[in-house]
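Participant: The feature domain 'Homeobox' is assigned by TrEMBL to 27-71. According to TrEMBL, the feature DNA-binding region maps to 29-72. What TrEMBL records for 74-275 is domain 'TLC'. What TrEMBL lists as transmembrane segment is 83-103, 123-142, 149-168, 207-226, 246-267.
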Amino acid sequence: RFIAKPCAINLGIQDSGPHRAQPNAILEKVFTSITKSPDGKRLEGLSKQLDWDVRKIQRWFRHRRNQDKPTTLTKFCESMWRFTFYLSIFFYGIRFLWTAPWFWDTRQCWYNYPFQPLTTRLYYYYILELAFYWSLMFSQFTDIKRKDFLIMFVHHLATIGLITFSYMNNMVRVGTLVLCLHDASDFLLEAAKLANYAKYQRLCDAFFMLFGVVFIVTRLGIYPFWILNTTLFESWELIGPYPSWWLFNGLLVTLQILHIIWSYLIIRTASKALVRGKV
């Protein structure tokens, strides 16, 4: 409200929505109660009932659908908030983990487990991340609706489950590695969105391509061969299997499946961008 909106206005992003449909009680009732995209038969019926041309009714429904879409300024503000958080928490995580022994040797995650001290910095890192993902879980129902709503819902559930579960079982060392790895690419995607909303196309393309590279390297390379390797094999070797081991690794594997789906979407978008010349 006080930072993102003024930035958007200075970049020339207007707070104006799409053309509003003229008020009509009958069409509004159909739109809210029955369908937002009526078929030919329903259009003919409405045409006779209102004595309107079919094309005029189609145009009304198109305007009414667009009316519910958020403005570019709203989307810019949302992305700027997420960019600020992801960037800040990523650098906080890197700064914290740089001096942590388990960052350089993942086997340290399991030495003397579960009797490992919970430091103040580690506690705040965990609680900040958990609070943010809970906010995403709740705000997903009120924020801008996107096509990947269901996948994101599963992702938030898995993430909250992992953070809470690892905290309760004192698996916070490996948990910090997972969190930092995921934050490495998220701020680049939000930066690409910001550039797109501000109509800086080359900057948007550059950020998106950089995001794609970082995402695929971290989620399809480092994550399975570094994180899953220590949770599946090193933990089994050092402390043996335990009841919660199966749930913990099940959630981590669920994230890996989501990584594969998103990587496919990113590669498909990037390939289309190379053909069209822009993202």
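Glycine too: its Cβ is placed from the backbone N, Cα and C atoms.
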Participant: Six or more residues out from either end of the transmembrane segment (123-142), which same-chain residues have a Cβ under 8 Å from its Cβ atoms?
Facilitator: 85, 89, 92-93, 96, 149, 152-153, 156-157, 159-160, 163-164, 167, 172, 175-176, 179
Participant: Tell me, what is the mean pLDDT of the DNA-binding region (29-72)?
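Facilitator: Result for the DNA-binding region (29-72): average pLDDT 80.
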